[in-house]
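J.: One structure, as structure tokens, below. Some questions next.
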Amino acid sequence: MISPIERRKKEHLELCAKKDVSFKNKTTLLEFVELNYLALPEINFSEINLSTNFLGKNFSFPFLVSAITGGAQVSKKVNTEIAQACQEMGIGMGLGSMRAMLEQPSLTETYYVRDVAPDIFISGNLGAAQLKQYSPKEMNDALQAIEANALAIHINAAQEAMQPEGDLDFSGVVEKITEYAEQLSVPVYVKEVGHGVSYETAMLLRKTKIAAIDTQGAGGTSWTRVDSLRHKKSFGEEFRDIGVPTAVSIIETKNAIAGTNKKIIASGGIRNGVEATKAIILGADMVGNALPILQAQTKKGTNAIKNYLENFKKEMQITSFLLGCKNISELQKQEYVILGKLKEWLEQN
């Protein structure tokens with residue numbers, strides 16, 4: 001008999017693959033970032049190298065597939081095909097919440113992908129509200145079982161509020177994040193799930209020993225929308241657009257953690273290489289997304305994922321070329337212009 005968690009995972013996958021789960025009126029605001037186009041870039045395109053290192057692992061370009069699934073039998077195929085594409089592309093991936101395997105160890109194999117991806121960066125995952133339920137030792141053992149390189153702790157208060165079974169006790173979460181970051185044998189980073197990290201949230205995380213923050217801003221997949229669809233709750237529509245747009249979240253997180261060695265992953269509605277390059281220029285070290293990867297996997301598996309990633313990388317290379325930049329370091333020094341709604345938002349803070 002299928003467990004409640006496994007049923008939820010399956011329903012999430014089906015909704016994301018088949019329904020409109022995007023924000024309704026709110027965008028990433030990346031469209032209000034203008035780049036310094038050069039008609040004479042004065043570089044050789046063949047010399048562009050977007051490779052980078054993130055938490056000790058090399059990436060051919062700065063892309064991390066955001067956590068999608070795990071803990072359901074259908075998850076095994078999804079994770080395996082994504083991992084195969086990542087191995088061939090030389091990038092990394094995040095796995096879905098490991099709560100299911102912690103409660104039901106027989107589901108561990110739905111997360112395990114080292115047989116097809118021995119070399120890539122892989123992050124495990126657990127919800128912030130569930131940290132109190134497991135000790136760092138239990139989490140260490142679980143991470144070792146799937147041979148993960150890091151743990152992503154996801155913060156999803158808005159999503160939990162949409163779920164009848166949601167865990168709404170977020171008290172003491174920063175203290176537990178601090179404990180995990182200090183006691184786990186692998187690096188820990190914190191990620192939103194698509195509603196954005198504000199300056200205030202990033203400041204709370206600044207004092208912890210986490211290695212990175214994944215901003216996962218508003219403008220892409222709305223998880224309040226996903227779970228309101230799952231439970232057919234009309235009030236969920238009122239929260240569909242809640243959150244901090246991706247562009248704002250990147251800038252505010254950068255300002256909050258300035259002077260530390262913490263890294264920034266930018267995600268949330270970043271659908272192409274032009275948007276990804278803008279995110280890097282705004283201050284991110286890595287970029288990521290999930291929904292386009294899942295949609296590609298659903299249609300044609302590993303090959304479709306690879307095609308999407310190859311196009312994404314090429315778009316980043318072309319954008320870099322048109323800015324006269326050969327690498328990530330040069331991109332991060334680029335000037336840019338902020339217009340419209342993004343400028344208005346930032347001026348209010």
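Glycine is no exception: its Cβ is also placed from the backbone N, Cα and C atoms.
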J.: Return the residue out of Lys24, Lys191, Lys326 that TrEMBL annotates for the same FMN site as Ser66, Ala67, Ile68, Thr69, Ser97, Asn125, Thr221, Gly269, Ile270, Arg271, Ala290, Leu291.
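T.: That FMN site, as TrEMBL gives it, pairs Ser66, Ala67, Ile68, Thr69, Ser97, Asn125, Thr221, Gly269, Ile270, Arg271, Ala290, Leu291 with Lys191.
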J.: Neighbour count, 10 Å Cβ-Cβ cut-off, for Leu291 (FMN binding site): what number do you get?
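T.: Excluding its own Cβ, Leu291 (FMN binding site) sees 18 Cβ atoms within 10 Å.
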J.: If one measures from the C-alpha of Arg271 (FMN binding site) to the C-alpha of Met98 (substrate binding site), what distance in angstrom results, rounded to a whole number?
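T.: Rounded to the nearest whole number, the Cα-Cα distance is 26 Å.
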J.: What whole-number Å value do you get for the CA-CA distance of Arg99 (substrate binding site) and Gly269 (FMN binding site)?
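T.: Here the two Cα atoms are 26 Å apart.
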J.: Which one is it: of the binding-site residues Arg8, Lys9, Arg99, Lys191, Arg271, which Cβ has the fewest other Cβ atoms within 10 Å in this structure?
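T.: Arg271, out of the binding-site residues Arg8, Lys9, Arg99, Lys191, Arg271, has the fewest neighbouring Cβ atoms within 10 Å.
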J.: Give the number of CB atoms, excluding that of Ile68 (FMN binding site) itself, located within 10 Å of its CB.
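T.: Looking across every protein chain shown, the total is 23.
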